[in-house]
Each structure stands twice: as C-alpha cells, then as structure tokens.
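A.B. asks: Just dropping this structure here.
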Amino acid sequence: MSDTIFAPATAPGRAAVAVVRVSGPRTQTAVRTLAGDLPEPRRASVRRLFDADGGEIDQALVLWFPGPGSYTGEDAAEFHVHGGTAVTGALVEALAGLGLRLAEPGEFTRRAFENGKLDLAQAEGVADLIDSETEGQRRQALEQLGGRLSQVQARWREALTEALALFEAAVDFPDEEVPADVAARARPVLETLAAEIEAAAADAARGERVREGFRIALVGAPNAGKSTLLNALAGREAAIVTATPGTTRDVIEVPMVLAGYKVLMADTAGLRDTADEIEAEGVRRARAWAEGADLRLWLVDGSSEETPDLPAEIGEGDLCLITKRDLPVGNAGAWAAEVARRIGIPAAEVTARGPGDMAWLKETLSERVVESLGGGEPPAATRLRHRELLAEASERLRHAIGHDEHVELAAEDVRLAARALDRITGRIDPEAVLGRIFATFCIGK
C-alpha cells in the first residue's frame with residue numbers, strides 16, 4: 001500500500017489523553033519530523049511534538065512499531081497527547097500537512113487483514129469487541145478474535161482438501177493406480193463434515209442473539225399491565241401507562257442486561273379485534289414481534305372478574321403472568337389455576353409494585369436467558385454471514401454425497417463447499433463484501 005494513513009483512535013471531546021494512530025510507508029518520516037527522532041521500537045518515549053513550521057503541538061508519548069511487527073503489519077506509530085480538542089486538531093493538521101491521509105472507517109484493521117495479521121472472522125471479532133456492551137458479548141468477541149471459528153474452519157478445510165484430492169485423482173488419472181472405491185472412502189468423511197457444519201450453522205443463531213440481544217416480548221390483552229411491568233423491569237418510565245385500554249400503539253423495545261447478556265424487552269400493543277386502523281396496525285406489529293421473540297411473557301389481568309380469554313398462540317416454552325395481584329378485586333389465584341389447566345403451563349401471580357416479585361421475575365428470566373445462550377461451549381459462528389456460508393457448504397457436501405456414481409460432480413461440489421468455507425475467513429471474497437464489513441468499524445480501528 002503506497003499511502004500512509006492516520007486517524008484518532010479515541011473518541012472526540014475533552015479527555016485526559018487522546019491517541020492518534022499512523023500506519024504506512026511514510027510513518028517513520030512523520031515520526032522523525034514531528035518528534036525530532038525515531039524512538040526505540042515498542043517503548044513509550046516522551047517527546048515534544050512540533051509541526052512543519054516549528055510550532056509546538058504538545059508534549060506526548062510516542063510509540064514506534066516497525067513493520068511487520070505491528071497491528072497492521074506495516075510501519076506504524078501512536079501519538080498519545082493531552083485530550084483537548086485543540087491539541088488533537090493541531091496534531092491531525094500537522095499529519096495532513098505531511099501528505100498523510102485520514103483513514104477510512106476500519107482501514108487499520110483492513111490493512112491488518114490484507115497483510116495476514118488476522119483473518120476476516122478475527123477482524124469481525126475486533127469489531128464485536130469494540131461494540132460489546134455486556135460480559136456475554138465481550139467473552140464471545142474474545143473467542144472470535146482468538147481464532148475459534150478460524151481454527152474450526154481450518155480443520156474442516158483440511159479434511160475437504162484430502163477428500164478433494166481423492167476425487168480429483170480419480171478424475172485426472174483414471175488409468176493409474178487410484179482406488180476404485182473413491183466415493184465409498186470419501187463418504188464417511190463428507191457425512192461427518194456435513195453434520196458438524198450443519199450443527200455449527202444451527203448454533204450460529206445463539207451467537208447472533210448474544211451479539212444482538214435475546215428478545216423477550218410482553219404480550220396480552222389491553223390493560224393487562226404490560227407497560228407497567230416493562231417500566232418496573234427497566235427501572236425507568238420507558239412506556240406510557242394510563243387506565244385507557246389501547247394506549248400502546250407500537251412496539252417499544254428497551255435494552256437491558258440479564259445474567260451478563262444483552263436483552264431486548266418489548267412492550268407491545270394489547271391484542272384484540274379493533275376497527276381502529278392505527279390500533280389494528282399496532283396489533284399486527286405486536287403479533288409479528290412476538291412470533292420472532294426468543295421468549296414470550298403472556299400477561300393476564302388478575303384484577304378482572306371475567307374469565308380470561310387466552311390466545312391460542314400461547315406455547316409450551318412461554319411464561320404466563322397473572323398481574324395486579326396486589327389489588328383487592330379480581331381473581332388472580334383462580335386465573336392462575338385456570339391458565340395452568342387450560343394451556344398446561346404454570347402461571348405466576350405478580351405485581352409490578354412488589355420488589356420481591358420483580359426480583360423473582362428477573363431471576364427467572366435470567367435463568368431462561370442463560371439456558372438459551374450460555375449452555376455448553378461458545379458458538380463458533382456468530383453472524384448471519386457465517387450461518388449462510390455454513391449452510392451453503394453443508395448443502396454442497398450433501399450433493400457430493402449423493403453423487404456416488406459421478407466422481408466429477410462430487411469433486412465440483414466438494415470444491416464449492418471448500419470455497420464457501422474459505423469465504424468465512426476471507427481467503428476469497430468479493431471486494432464489495434470486504435468493504436461492507438470493514439465500513440462498520442470506527443475510524444481509527
């Protein structure tokens with residue numbers, strides 16, 4: 001790469017320290033020009049920085065990383081200056097005056113990828129680590145950055161290479177001493193690989209949920225207490241609460257953390273038949289969000305004296321809560337028994353005003369989240385991109401297994417399966433895909 005890039009690696013604004021990174025062939029010249037000399041590699045050295053006109057910029061810590069032993073694999077440096085915006089601005093202006101270019105988002109990590117310092121799956125781990133908000137996200141991102149998916153992919157790729165060698169030998173050298181039972185010898189290997197890849201693809205949904213959030217829907221009739229419960233769980237007034245049925249017209253998503261995992265809790269419009277066009281759209285959205293949720297909490301108004309109308313959508317994995325048990329009217333206990341009898345799942349009586357009830361509910365929800373996201377080993381695949389490529393690879397392997405009598409077709413299917421796996425780590429990938437992935441990074445990374 002012929003040009004040299006720079007960018008602030010810390011967030012803009014007033015702070016104790018700001019870091020500006022530089023990478024590329026002219027890094028050494030830039031450091032000498034601003035700092036007066038080249039510090040000892042990989043040691044923080046105090047230097048006074050001056051621009052090209054001799055004006056002092058700041059007293060800074062300067063770190064020099066000669067390539068290829070740097071993050072990007074090329075000559076790189078960091079300037080740690082005082083965090084005032086004027087100081088950072090003066091340093092950025094000085095670097096631009098030396099002919100260096102402001103980096104695009106993710107360009108430092110892209111250079112690391114293109115110089116073989118990490119593969120594409122590991123680069124995605126860097127992005128996930130920067131974006132992590134919970135312990136679950138942080139741990140998963142570290143696994144990705146550490147090469148968990150890359151190592152699994154490499155093992156699969158090696159096995160495919162051996163199988164492909166058998167098929168290609170049978171095709172290219174039909175008259176030589178090549179085993180006649182090539183397909184029979186390759187079948188167990190391909191079946192094992194297909195099963196492992198399919199399992200990883202299925203488990204990728206768990207990794208996606210860790211990244212994006214476990215989705216919990218609060219569902220029920222109007223005035224069942226959904227908004228009140230959401231506010232109690234969130235610890236703030238996230239939704240409007242009134243005595244008027246149908247107040248909630250749209251899905252209100254509130255992020256929170258349970259057991260170290262990100263959770264998206266959604267208050268939804270009350271489910272009922274209505275002639276109101278706006279409310280009807282809210283009901284449609286409520287049903288759609290609930291259908292895609294990982295867990296549904298069905299709320300039944302315990303203060304009502306009428307037998308609850310239980311929706312047919314209530315399923316075995318759902319939870320049912322009989323709300324407003326603190327009110328003197330109603331039949332909360334009777335409705336709990338009725339729910340258990342009619343739909344076969346236990347129903348708990350709760351009140352959003354009871355600290356003990358809310359503590360119990362949070363603990364119960366945390367257990368469900370951990371059961372869904374935290375069981376066993378962490379998922380190798382964590383993104384939709386991974387899942388789609390794994391599905392493509394397994395499909396090709398299943399085709400290859402079915403081509404017992406057509407070695408040429410089997411070889412091509414194995415080759416395409418290997419190609420799909422290679423795209424996970426970026427060994428081959430269209431430029432547009434790489435650009436889209438690295439564009440999600442922050443500037444300076």
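Keep in mind that glycine also has a Cβ here, set from the backbone N, Cα and C atoms.
Values in this document were obtained by computation on a predicted structure and should not be read as measured data.
Just lifted these from Swiss-Prot, have a look:
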{"type": "BINDING", "residues": "R21, E78, K117, K445", "note": "(6S)-5-formyl-5,6,7,8-tetrahydrofolate binding site"}
{"type": "DOMAIN", "residues": "213-370", "note": "domain 'TrmE-type G'"}
{"type": "BINDING", "residues": "223-228, 242-248, 267-270", "note": "GTP binding site"}
{"type": "BINDING", "residues": "S227, T248", "note": "Mg(2+) binding site"}
A.B. asks: Out of R21, E78, K117, S227, point to the one nearest A269 (GTP binding site) in space (Cα versus Cα); all of them are binding-site residues in the record.
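C.D. replies: Nearest listed residue in space: S227.
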A.B. asks: Determine, to the nearest whole angstrom, how far the Cα atom of E78 ((6S)-5-formyl-5,6,7,8-tetrahydrofolate binding site) is from the Cα atom of S227 (Mg(2+) binding site).
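C.D. replies: Distance (Cα to Cα, whole Å): 49 Å.
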A.B. asks: Hey, how far is K226 (GTP binding site) from R21 ((6S)-5-formyl-5,6,7,8-tetrahydrofolate binding site), Cα to Cα, in Å?
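C.D. replies: Answer for this pair: 49 Å between alpha carbons.
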A.B. asks: What binding-site residues among R21, K117, S227 are found with a C-alpha within 10 angstroms of that of T248 (GTP binding site)?
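C.D. replies: Hits: S227.
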A.B. asks: Out of R21, K117, K226, give me whichever of these binding-site residues has the highest number of other Cβ atoms within 10 Å.
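C.D. replies: For the binding-site residues R21, K117, K226, the Cβ with the most other Cβ atoms within 10 Å is K226.
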A.B. asks: Express the predicted model's confidence over the domain 'TrmE-type G' (213-370) as a mean pLDDT, rounded to an integer.
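C.D. replies: In the predicted model, the domain 'TrmE-type G' (213-370) has a mean pLDDT of 81.
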A.B. asks: Could you round the CA separation between R21 ((6S)-5-formyl-5,6,7,8-tetrahydrofolate binding site) and N223 (GTP binding site) to a whole angstrom and send it over?
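C.D. replies: The Cα atom of R21 ((6S)-5-formyl-5,6,7,8-tetrahydrofolate binding site) is 55 Å away from the Cα atom of N223 (GTP binding site).
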A.B. asks: How long is the line from the C-alpha of N223 (GTP binding site) to the C-alpha of K117 ((6S)-5-formyl-5,6,7,8-tetrahydrofolate binding site), rounded to the nearest angstrom?
C.D. replies: 57
A.B. asks: Measuring Cα to Cα, tell me the gap between K117 ((6S)-5-formyl-5,6,7,8-tetrahydrofolate binding site) and S227 (Mg(2+) binding site) in whole angstrom.
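C.D. replies: For K117 ((6S)-5-formyl-5,6,7,8-tetrahydrofolate binding site) versus S227 (Mg(2+) binding site), the Cα atoms are 49 Å apart.
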A.B. asks: How many other Cβ atoms sit within 10 Å of the Cβ of E78 ((6S)-5-formyl-5,6,7,8-tetrahydrofolate binding site)?
C.D. replies: 20
